[in-house]
Amino acid sequence: MLRAALSTARRGPRLSRLLSAAATSAVPAPNQQPEVFCNQIFINNEWHDAVSKKTFPTVNPSTGEVICQVAEGNKEDVDKAVKAAQAAFQLGSPWRRMDASDRGRLLYRLADLIERDRTYLAALETLDNGKPYVISYLVDLDMVLKCLRYYAGWADKYHGKTIPIDGDFFSYTRHEPVGVCGQIIPWNFPLLMQAWKLGPALATGNVVVMKVAEQTPLTALYVANLIKEAGFPPGVVNIVPGFGPTAGAAIASHEDVDKVAFTGSTEVGHLIQVAAGSSNLKRVTLELGGKSPNIIMSDADMDWAVEQAHFALFFNQGQCCCAGSRTFVQEDVYDEFVERSVARAKSRVVGNPFDSRTEQGPQVDETQFKKILGYIKSGQQEGAKLLCGGGAAADRGYFIQPTVFGDVKDGMTIAKEEIFGPVMQILKFKTIEEVVGRANNSKYGLAAAVFTKDLDKANYLSQALQAGTVWINCYDVFGAQSPFGGYKMSGSGRELGEYGLQAYTEVKTVTVKVPQKNS
C-alpha cells in the first residue's frame with residue numbers, strides 16, 4: 001500500500017530513509033495524546049449510549065494502557081441502526097430523491113473534511129492501532145482521500161443501458177442501490193477499510209450500518225461526525241462499535257439487512273456467510289485471509305527483491321491480509337537472499353510509533369501479540385531455522401522483534417497458516433514449475449508476487465498463480481481504480497475500481513410496449 005502513496009525511484013535509499021525524509025519535509029508534528037471526541041454509537045446523525053449502557057475499553061497497544069471507554073453495541077443497537085437506515089432509504093426520502101451528482105458532492109465534501117482533520121486523524125489512528133504516525137499520515141490517510149474522491153466521481157457515471165430487443169418494445173436497465181448494507185471492518189487499516197466500504201456504497205445510493213473493530217473504534221467514529229458535518233441525511237450512515245459475536249453477528253443475520261461486506265479472518269468469514277444464508281440470503285462480499293507467495297527468481301534484481309520482500313512482509317507490523325508471507329527463493333540465490341534479508345530485518349527500527357524514525361510499532365493487542373509468539377514457537381518446534389528475532393521487543397506494549405525463519409518446509413504450520421505479524425518465512429525452490437505447484441498449494445488465494453527480469457517468466461507466473469492480485473517486480477501497489485479480492489478461501493467479490501460498484505447495485509430490466517419501434 002505504501003507504493004501508492006510514496007512513488008520513489010526504482011533504485012535509491014531504503015524505505016526507512018525515504019520515510020524519514022518525507023516526514024521531515026511533509027508531515028506535521030503529531031499530538032501524541034489526541035483528545036477523543038467520539039466514543040458512542042452513531043445512529044440517525046446522533047450520538048447514543050448503548051441500549052445496555054455497557055462500555056468496553058480501547059487500549060493503546062504501545063503501552064497496554066486504556067485510552068477511553070467506548071459504547072458497546074449489541075443486537076438491540078443494531079436493530080435501532082437498521083431501522084434508521086430503512087427510514088433513510090424509503091421512497092421519497094431526501095436520500096432517495098437526491099441527484100446522483102449531489103451524492104458525489106457529499107463524498108467530495110467528506111474527503112475535504114477528512115483532509116482538513118488529517119493530522120488529528122493520523123495521530124488518533126496511531127494511538128489506537130499502533131502503526132507509525134508517518135505511515136498513518138502519508139499512506140493510510142492519503143489512500144482514504146483518494147478512495148473517497150474516486151467513488152465520488154462515479155456517483156453519476158454508473159448507470160444502465162438501452163437494449164435493442166426484438167419487437168415493438170423499448171428495453172433498458174437501471175442500476176439500483178441494494179438497500180441497507182451491513183459493513184464490518186477490521187482493525188489493521190481502520191480508516192482505509194472504512195473508506196473502501198463507504199465509498200462504493202454511498203456513491204450508488206445505499207444506506208449503511210457499519211460495525212467497527214473493537215480494537216480500533218476511534219477514528220471511524222470520528223469520521224461519523226464528519227459525515228454529519230458533510231451534510232449526509234440522518235440514517236444514511238450508522239456506526240455501531242461492538243464485538244463480533246454480538247454486534248457483528250446481529251448484522252450478518254439481520255432479516256432487514258440486504259447486503260453484508262466483511263473484511264477479516266477466513267474463520268469469521270465462514271460464520272458470516274452461514275448467517276447470511278440462513279437468514280434472508282443477503283448478498284455477501286468477503287475479503288479474508290491470505291498466505292501470499294512472493295517468488296524470487298534467480299535473475300531478480302537482488303537489492304530490489306530483498307527490500308521489497310522485507311516490505312511485503314513487515315509493512316504494518318505484518319498485519320496485512322495480503323502480506324508476502326511465503327517467500328520462495330530460487331536455490332542458486334537462496335543463501336545470498338537469506339543473508340541479506342536477515343541483515344535488513346535486524347536493522348529494522350522498532351519503537352515509539354510517534355517517532356519519525358520508527359518503521360515498526362506494536363501489534364494491535366495482547367491477543368495478537370501472544371498468538372504471533374505462539375507461531376514463532378511452533379516454527380522452532382517443527383524444525384524451521386530461527387535466523388533473527390523471535391521474542392518481545394520491549395518490556396511493555398505489544399512489540400515483537402522482526403523475525404526471520406529459514407529452511408521452512410511447506411508442511412510446517414508457519415508456512416500454512418496466516419500469522420499476521422512480523423515473521424518472515426523463506427522457502428527454497430528449484431524450478432518454475434515446482435514453485436507454481438507449491439505456491440498454489442494453499443487454501444488461500446489473495447495475492448502473489450514475482451521478481452524477475454524475464455518477461456516471459458513474469459507473464460507465465462501471472463497466469464499460473466491462483467490469486468486475485470499478482471504483482472510483478474513490486475509489492476503492495478494499490479490504487480482506488482484497481483479491484484482487489486481473493487480466490488478460494490481468501491474471499492468472494494471485489495472491492496475498489498468499477499468492479500467494487502457491482503456488489504452495491506441491483507440490475508433491473510424495464511421493458512415498455514411501444515406503438516412502433518424505429519431504429
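Cβ coordinates come from backbone N, Cα and C, glycine included.
Features as listed in Swiss-Prot:
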| type | residues | note |
| --- | --- | --- |
| ACT_SITE | Glu287 | active site, proton acceptor |
| ACT_SITE | Cys321 | active site, nucleophile |
| BINDING | Gly264, Ser265, Thr266, Glu267, Val268, Gly269 | NAD(+) binding site |
| MOD_RES | Lys54 | N6-acetyllysine |
| MOD_RES | Lys75 | N6-acetyllysine |
| MOD_RES | Lys80 | N6-acetyllysine |
| MOD_RES | Lys161 | N6-acetyllysine |
| MOD_RES | Lys370 | N6-acetyllysine |
| MOD_RES | Lys377 | N6-acetyllysine |
| MOD_RES | Lys385 | N6-acetyllysine |
| MOD_RES | Lys409 | N6-acetyllysine |
| MOD_RES | Lys428 | N6-acetyllysine |
| MOD_RES | Lys430 | N6-acetyllysine |
| MOD_RES | Lys443 | N6-acetyllysine |
| MOD_RES | Lys453 | N6-acetyllysine |
| MOTIF | 12-26 | motif 'SIFI-degron' |
| TRANSIT | 1-19 | transit peptide |
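Its Cβ taken as reference, Gly264 (NAD(+) binding site) is surrounded by 23 other Cβ atoms within 10 Å in the chains shown. Recorded residues Ser265 (NAD(+) binding site) and Glu287 (active site, proton acceptor) have their alpha carbons 8 Å apart, per Cα-Cα distance. Around the Cβ of Gly269 (NAD(+) binding site), the number of neighbouring Cβ atoms within 10 Å comes to 23.
By a simple count of nearby Cβ atoms, those within 10 Å, the most crowded of the binding-site residues Ser265, Thr266 is Thr266. Mean model confidence of the motif 'SIFI-degron' (12-26) amounts to 50 (pLDDT, 0 to 100 scale). According to DSSP, Lys409 (N6-acetyllysine) sits in a coil region rather than a helix or strand. Comparing the recorded positions Val268, Cys321 on other C-beta atoms within 10 angstroms of each C-beta gives the minimum for Val268.
Ranked by Cβ neighbours within 10 A across all protein chains shown, the modified residues Lys80, Lys377, Lys385 are led by Lys80.
When the modified residues Lys54, Lys161, Lys385, Lys443 are ranked by how far their Cα is from the Cα of Lys428 (N6-acetyllysine), Lys385 comes first. Cα of Gly269 (NAD(+) binding site) to Cα of Lys453 (N6-acetyllysine): a span of 38 Å. Considering only the recorded positions Thr266, Glu267, Lys409, Lys453, the residue whose Cα is spatially closest to the Cα of Glu287 (active site, proton acceptor) is Thr266. Other than Gly264, Ser265, Thr266, Glu267, Val268, Gly269, the residues of this chain whose Cβ falls within 8 Å of the Cβ centroid of the NAD(+) site are, in sequence order, Phe262, His270, Leu271, Ile272, Leu288, Gly289. When other Cβ atoms within 10 Å of the Cβ of Glu267 (NAD(+) binding site) are tallied across all protein chains shown, the result is 11. DSSP assigns Lys75 (N6-acetyllysine) to a helix.
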